[in-house]
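Pulled from TrEMBL, these are the features on record:
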ACT_SITE  A:210  active site
ACT_SITE  A:244  active site
DOMAIN    A:12-430  domain 'Aldehyde dehydrogenase'
């Protein structure tokens with residue numbers, strides 16, 4: 001079996017041979033990737049079911065469809081993305097060709113997480129391939145069945161010289177990070193992100209970090225409780241709450257809470273039936289370790305469980321649970337929950353709620369449910385987060401037209417659609433000058449004079465371009 | 001002290017006063033006034049720091065800053081406005097857009113070689129993007145650093161844009177604190193420390209570093225003009241420019257000519273004794289003077305070579321036939337010493353460049369368009385100027401930044417605004433139209449799944465070539481059919497009238 005350094009050497013040689021540069025090559029690889037997904041949809045769904053008991057519907061929607069959308073986007077737009085971008089000029093450069101060239105960075109590393117092991121690995125891969133890079137793919141070992149599948153499929157469909165899968169746990173990943181890459185794309189937790197960044201600093205490698213955080217969900221003003229409950233339940237309990245953009249906790253007034261809880265209860269029954277553990281549409285917690293962590297939070301909470309609470313250790317099952325009377329210092333407010341537990345904090349005023357969210361780290365997503373546009377506007381203008389969605393959850397990240405990324409503790413850099421291509425490209429500024437107009441150039445040469453200076457100021461001013 | 005300044009900046013940012021565009025414009029206008037009113041003081045400080053000539057100050061630093069400010073003032077409304085994004089069927093009735101937002105408190109660490117330009121240009125973008133900014137000018141350009149500390153609070157908001165001076169220990173203290181972005185201009189050694197410190201707080205960084213920027217001269221180009229332009233770029237600021245042409249690559253047959261042209265140009269620019277020219281600079285300090293003199297050890301220059309330690313003066317110097325593995329070729333020279341390395345042809349030059357770290361700039365002097373295209377395609381660098389040097393830096397619509405060891409991120413013009421903003425993806429939905437949403441809720445069946453798939457498929461309108469062709473074809477056919485129908489109707493109407501005429505209807 002190849003060692004990590006052998007893999008890297010092979011990919012670097014392939015990159016230096018310039019085989020990934022032509023558009024045709026990138027298109028072929030992306031088309032093959034599309035075939036890989038299409039041909040193996042059933043195996044993908046099965047692997048995801050093995051890892052997370054992911055229902056077929058969720059697997060198709062959030063791990064197959066979204067990847068296909070991104071592939072369509074890349075294939076439709078690759079030609080235009082690869083074109084040089086001509087820029088506006090000033091008088092001094094009027095006769096020059098000035099443009100920005102998008103170039104691949106080289107050999108890049110993509111580290112995927114376990115919660116959406118296909119999507120969060122393959123969507124960045126699409127951007128990296130489209131941008132003309134060679135890629136080292138490191139799937140999460142926690143979602144073992146998907147890890148196996150990806151390791152088996154990638155070399156079957158993509159060029160073995162340019163794209164390699166490297167497997168392993170923490171030890172192997174740390175060893176991998178000692179190597180030099182031209183970009184590292186990491187999706188996961190803040191703790192590991194710091195390790196990744198430290199390793200990247202040694203080689204001055206640029207990084208994209210897609211992290212998480214506690215995504216608040218504010219419900220204020222006039223609200224249709226049933227519609228809100230539908231969307232809240234869907235986005236919170238999708239993948240059993242194990243989404244980086246799942247609404248983590250709810251802030252609302254007592255009256256809203258009183259109206260919301262029965263609505264949530266009803267919707268849960270409509271969605272999953274009276275015995276949720278038997279519903280084929282509910283996922284499970286990924287590992288016993290995470291199950292124990294979540295149960296720990298539930299046991300330590302000082303709030304009151306009003307919906308759910310049932311659990312089954314052998315099945316790694318935790319019922320969709322709603323906890324009310326949660327306060328700021330509760331166990332459930334310590335860290336990102338990443339599970340099917342929804343705390344509701346009762347805060348009477350919108351202003352107080354906004355103030356509370358400001359004391360916390362910037363999350364990956366921010367949600368507000370309200371029929372009043374003034375409430376939505378107030379929250380939007382007084383918060384900061386990776387993304388924002390009013391009156392729904394998660395769906396804003398499904399559009400390739402919107403950049404997906406965090407800010408502050410929730411990460412930096414973004415991708416999806418065109419941004420994925422840009423994340424893995426270098427924007428090289430090119431200026432092609434001629435030999436003529438040396439007289440104009442002479443304005444800048446010594447010996448200097450006041451006259452030369454004033455002419456120079458005029459020719460390089462951005463305004464002079466607008467006169468033309 | 002640093003901690004308090006940063007704390008005050010953060011509180012000032014959290015007060016929200018940088019949000020309104022009017023406030024940012026007001027600050028930019030104030031900065032513009034500062035540059036205009038204090039040009040003489042700035043020139044004096046630069047003369048003391050680095051013996052910068054009176055004209056080099058506006059030329060090399062102030063014009064750039066002025067242009068950045070003018071552009072930001074003109075375009076701020078456009079840059080800060082929400083940008084609509086493409087929707088799918090599910091989101092067809094929603095507001096979907098990207099809102100640029102300030103990051104928070106930005107740290108700008110400046111460099112000593114262009115202490116005003118490299119510190120204030122990022123500041124312009126930081127202000128425009130609505131951030132607070134802590135400015136840390138380089139202690140090596142001490143007079144400029146102290147002047148900036150005195151001037152900035154007189155023109156800009158005192159709390160939002162503090163200047164922190166000091167050397168290594170003060171910088172390390174600053175780096176222990178948390179920022180929302182760090183812009184660093186300097187060496188790769190210090191950059192690694194900056195990035196490591198940033199890693200602790202998960203802070204994104206923009207690193208503007210350097211490297212050895214190669215300058216290739218093709219044997220068939222206009223060598224005289226090429227050498228004039230190279231000479232200008234190399235010896236400006238006494239070679240202490242991150243994008244100065246570091247070394248020349250050319251074929252042995254033109255080496256002599258290149259040396260002669262440079263010699264002639266130097267005479268024209270600085271006279272017979274550059275030491276006496278008011279337009280020729282000095283090395284910033286003794287340490288760098290010794291470093292550059294050390295690089296030249298063992299080599300006999302063909303032009304220049306004179307030096308005066310008491311003035312930190314090194315004459316414009318050219319060395320030929322420099323071996324690729326010499327000390328001169330191992331580190332960025334950052335001084336007025338120009339080595340010429342011979343290569344057998346352009347392909348050899350490309351190999352030479354690719355064997356080394358990615359540079360901040362690449363210069364190609366060549367008259368053959370195809371060859372130029374090839375060299376650009378087969379190499380990489382932060383930026384490229386063909387048939388001149390450094391000019392890609394002066395156009396602020398072009399992004400300026402490095403790649404690999406020469407840096408990450410980019411700025412200038414709109415790019416600074418983008419770099420120092422967060423692009424927040426926003427989707428504003430309503431609670432209505434719940435029936436469309438039903439397809440995605442459990443319990444799931446095939447019908448619902450199909451509908452959900454359809455709703456989420458993007459793009460809404462397929463913009464591919466094939467669809468465009470079909471669309472045009474369909475339109476033409478449709479129009480054709482419409483015209484045919486009209487013709488038939490007209491004929492029928494005509495026939496009808498004629499028929500009725502013959503029948504005697506109109507009698």
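Each residue, glycine too, has its Cβ placed from N, Cα and C.
Put simply, residue A:244 (active site) is 9 Å from residue A:210 (active site) when counted between their Cα atoms. When Cβ atoms from all protein chains are considered, those within 10 Å of residue A:210 (active site) total 25, not counting its own. Contacts of residue A:244 (active site) defined by a Cβ separation under 8 A and a same-chain sequence distance of 6+ are given as A:115, A:187, A:210, A:211, A:212, A:213, A:364, in order along the sequence. For the recorded site, residue A:244 (active site), the DSSP three-state label reads coil.
For the domain 'Aldehyde dehydrogenase' (A:12-430), the model's average pLDDT works out to 96.
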